[in-house]
Amino acid sequence: MLEDDFGREVSGVRVSLTDRCNFDCVYCHNEGLGDTRGPMDPQDDEMSADEVVRFLEVAREFGVEKVKFTGGEPMLRQDLEEIIRRTPDGMEVSMTTNGTFLPGRAPDLVDAGLERVNVSQDALDPEAFAEVTQSGAYDKVIEGVEAALDAGLDPVKLNMVVFEHTAGYVEEMVEHVAENAGLQLQLIQYMPELTGKPEWNIDIQRVHDWLADIAEEVETREMHHRNRYWVGGTADDPEGGMVEIVDPVENPQFCANCHRVRVTHEGYLKGCLNRNDDLRSMGEMTRDEIRETFRETVTNRVPYYGEYMVRGDDGEWEINDEYVNNVEA
Ligand SMILES: Nc1nc2c(ncn2[C@@H]2O[C@H](COP(=O)(O)OP(=O)(O)OP(=O)(O)O)[C@@H](O)[C@H]2O)c(=O)[nH]1
Ligand SMILES: C[S@@+](CC[C@H](N)C(=O)[O-])C[C@H]1O[C@@H](n2cnc3c(N)ncnc32)[C@H](O)[C@@H]1O
Ligand code: SF4
Ligand code: SF4
């Protein structure tokens, strides 16, 4: 596996298959590339299935174990099943979607090899949902979650961005996943960097503190050092719900445990979600050139909140104690 100068191995890749979307969420960072508004039809700038697969084959040679398909809305790609089917053996395949196209298509995706799905659902109330997504497709999303469960995807993670518009719905979303087998919740800290609306931010620490109070058990996931709270059950006896907090903003522990390289829908390699100054195009490259470019991208990866990192006495990178997340599992 390739490793960057900060000792972070790259075990996963996150591939955006399109920047098109049928929603227009008010907060959307579009994986760091700005607007999703635009034509709904397939665009010439998108990587072809062959290009995606060729990149994945190279990544697999370097020991990459996981791929996450995202976008824009990845299910707008009609060749998604083909891409999943052709993903190299040994790679776990997951996807993050707004869920609207899962009804009717979830079984085919599972048949093609999809192992996990995250569905974005910011509220349980159709009006609040429409306000965030600027779409009235709430019923379709609920149907999509059901379709994913029926197709055997377990767990189905619901993604909820916690910001001014949704903070009041966190409690009922936690109850919802605690009461419904097969569902887990990912509470995502609102990232203002790419949206330019810092005023929508809320203090995610309050959510950590509240969950720490009500949880039966807390554990810390190696990936991004994320806390997982088990509500109404435990990790060994998962009767209740699992709630994970994704809190990247100004969090050096998150960056220190970041093991993924990204690929834009146009086929640019990208070392960090928040940065666009390290893009490397795979354009017309040969397989050998892609190998070299992948190596370069990994070598040049820098933790975005890197100013919080210091060299320890042994020369290894460590996080400055002052910035360590104060919620301990
Ligand atoms: N800044 C930053 N944000 C991230 C990172 N990974 C996930 N996020 C945020 O979390 C959102 C949801 O991520 P998902 O792709 O659904 O889930 P995941 O984080 O990959 O979690 P798993 O499905 O468990 O692998 C992303 O769109 C980002 O907003 C990361 O490496 N850096
Ligand atoms: C960019 S979307 C792409 C996949 C798919 N269209 C979806 O919405 O799930 C991936 C995830 O990013 C999250 N997201 C988008 N903008 C965000 C922001 N400014 N802060 C935090 N999360 C954000 C979304 O909620 C979604 O869960
Ligand atoms: S559904 Fe996903 S890609 Fe589309 S606007 Fe919402 S967050 Fe962005
Ligand atoms: S370096 Fe930090 S901000 Fe950048 S992708 Fe990794 S975790 Fe996210």
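Counting begins at 1 with the first residue displayed.
Cβ coordinates come from backbone N, Cα and C, glycine included.
Any TrEMBL annotation is an automated prediction that lacks curation.
The GTP binding site annotation in TrEMBL covers Arg14, Lys68, Thr96, Lys157, Arg260, Val261, Arg262. Secondary structure at Val261 (GTP binding site), as computed by DSSP, is strand.
Residue density at Cys21 ([4Fe-4S] cluster 1 binding site): 24 other Cβ atoms are found within 10 A of its Cβ, drawing on all protein chains shown. The [4Fe-4S] cluster 1 binding site annotation in TrEMBL covers Cys21, Cys25, Cys28.
Annotation source TrEMBL lists S-adenosyl-L-methionine binding site at Tyr27, Gly72, Ser120. Around Ser120 (S-adenosyl-L-methionine binding site), the same-chain residues six or more apart in sequence whose CB sits under 8 Å from its CB are Cys25, Thr96, Thr97, Asn98, Gly99, Val141, Leu158, Asn159, Met160, Val161, listed in sequence order.
For Cys272 ([4Fe-4S] cluster 2 binding site), other Cβ atoms within 10 Å of its Cβ number 20. Residues annotated as [4Fe-4S] cluster 2 binding site in TrEMBL: Cys255, Cys258, Cys272.
As annotated by TrEMBL, domain 'Radical SAM core' applies to 5-234.
Put simply, Cys272 is the one of the binding-site residues Lys68, Arg260, Cys272 whose Cα lies nearest to the Cα of Tyr27 (S-adenosyl-L-methionine binding site). In the three-state DSSP assignment, the secondary structure recorded for Cys255 ([4Fe-4S] cluster 2 binding site) is helix. When each of the binding-site residues Cys25, Cys28, Cys255, Val261 is scored by how many other Cβ atoms sit within 10 Å of its Cβ, Cys25 comes out lowest.
Taken residue by residue with DSSP, Cys21 ([4Fe-4S] cluster 1 binding site) is part of neither helix nor strand, so it is coil.
The Cβ of Lys68 has fewer other Cβ atoms within 10 Å than any other of the binding-site residues Lys68, Lys157, Arg262. Around the Cβ of Arg260 (GTP binding site), the number of neighbouring Cβ atoms within 10 Å comes to 20.
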